[in-house]
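S.K.: Here you go, one structure.
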Ligand SMILES: Nc1ncnc2c1ncn2[C@@H]1O[C@H](COP(=O)(O)OP(=O)(O)O)[C@@H](O)[C@H]1O
Ligand SMILES: [Mg+2]
């Protein structure tokens, strides 16, 4: 069988090509590891505030908030200078007459601004509650003096803190935006690496002239395409498994569904990427041109694939998302990881990916006509 | 049809550049036809259009009595491209095995075939080495060996002797002679005029036309010169005067 001879040859070539092998198998781990560092470092934002004429009780409340430190200034001018020099993240000025807090933010980091707003709100609410509970206590004393026994139990609770217990359907209190995009990023990396390697491989075959030589034998065009699909498909199973496991372990992602389903969907995506890479390589004249496709056709996929919720966008944008394979894997992987869906619930996504694969393979077989007319 | 190759009014242009105006050419059974012309004359283009790798803009090509392009016929043709086109990271043997399988040579014959063609090009002792370790000449020979796999009825060799030392070049021409005597038809291109003397018939390709087509001896007589090189120069002159 010619297909198997082609598969054998491609695998033999690949095993000798240590650089490509490393790129395919080690680079995804490296990137996931870097992301792990990046996103775990980001979790504790500390803010520094300056206060002018802010009541002591509010200042205390602010200070009690974790990751918030506060410095009091007697004059506004000094405090403003500090703000200019970026030494503090926000300046809070209280005008007693108008009972107004004027807050100036550095606003160079949106997270810090948001945190400041939140902390101030909490502090002010607390102040009100404290005031209220003090009033209640005073009231209690008065009432007690009138009738020592009857109402006691009523006000005991007022001094107690209300406790909130949080339960999470998925993940824990650390679950954030990042967890939501991990399935999409994982799909993206599978797509990216397989696209690049397979595209480069066929391109090299073309520029070295071996494709011409191959096409000068009675080999069928489809045999070449399937030879590539099978050999790189085998490699991509290994690669995808590595990416999936590295993501889950390194980034400590909680998977509600089955890891096997994740790998299956990813391998399907890898096959689509493979066919897509091969197709794009027929349009590229050199390896550099192949690289130029990355910002053009690979990177945009990431924006349409669910990182930003598509249903909030214009209809035409939603239609673009529908013709990109990453949309379907992003959806499927999210459902497996976060909701524990089984493959039978993802049949729509799977069919969409299979259609992509079928169309791309057919286009490839026809596309090779550029290099041999029969 | 008695011709192994029959090209009828083949035309080909790339964008606006007309490369082949009207090519009429035949290769008979058991002869060596030399397609001669300077670099860029369109020799490789003639070959690629007749094999179906480029689409002709007009005309017809028949190989072994079949209208080209035709995939099955390719199994009966040995083609050696101008570039070496080898899998550099693999051994010479792996290259030969791969292309043998592509040509549809059976498992039983595989080893025999490889030994046979390796002996012809004098590579028997270095078959297990990687192609990337080969010298330019060795790559050329391996490339030729691949074309010889499966004893094709028609050999199409695009500048096969470029970068090969004179001793081996002579040996290869001898071998081509033996193949020809055994009934193989050979179409060979070269821009080395001295090699043209070794062919049975020469076709001069210039400005997209075959400007002369005869045996080297007849051509030299016709132009009253000593060598094909001079024939070529004279033919070029008269072409330009026209
Ligand atoms: N794929 C191509 N696209 C555009 N021009 C080409 C292509 N192939 C060949 N040519 C042009 O056609 C002419 C003939 O090329 P070629 O057949 O390779 O010449 P030769 O083999 O005689 O040296 C050259 O001018 C070359 O630039
Ligand atoms: Mg050429």
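Cβ atoms here come from the backbone N, Cα and C positions, even for glycine.
Nobody curates TrEMBL annotations by hand; they come from automatic prediction.
Straight out of TrEMBL:
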DOMAIN    A:139-371  domain 'ABC transmembrane type-2'
TRANSMEM  A:21-39  transmembrane segment
TRANSMEM  A:181-203  transmembrane segment
TRANSMEM  A:224-251  transmembrane segment
TRANSMEM  A:257-281  transmembrane segment
TRANSMEM  A:293-310  transmembrane segment
TRANSMEM  A:346-368  transmembrane segment
S.K.: Let me spell it out: take the transmembrane segment (A:293-310), skip the flanking residues so only those 6+ beyond its ends count, and list any with a Cβ under 8 Å from a Cβ in it.
M.R.: 180-181, 184-185, 187-188, 191-192, 195-196, 199, 280, 283-284, 317-318, 320-321, 324-327, 329-331, 334
S.K.: Please check if the transmembrane segment (A:181-203) comes into contact with the transmembrane segment (A:346-368), where contact means 3 or more CB pairs closer than 8 Å and the residues in each pair are separated by 6 or more positions.
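M.R.: Contact between the transmembrane segment (A:346-368) and the transmembrane segment (A:181-203): absent, because fewer than 3 Cβ pairs are under 8 Å.
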S.K.: Is the transmembrane segment (A:224-251) packed against any residues at least 6 beyond its ends, judged by a Cβ distance under 8 Å, and which are they?
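M.R.: Here the qualifying positions are 2-3, 5-7, 10-11, 14, 24-25, 28-29, 32-33, 35-36, 39, 182, 185-186, 189-190, 193-194, 197-198, 201-202, 214-215, 259, 262-263, 266-267, 269-271, 273-275, 278, 361, 364-365, 368.
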S.K.: Can you name the far-off residues of the same chain, 6+ from the ends of the transmembrane segment (A:21-39), with a Cβ under 8 Å from a Cβ of it?
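M.R.: That would be 14-15, 178, 185, 189, 193-194, 196-197, 235, 238-239, 242-243, 246-247, 250-251.
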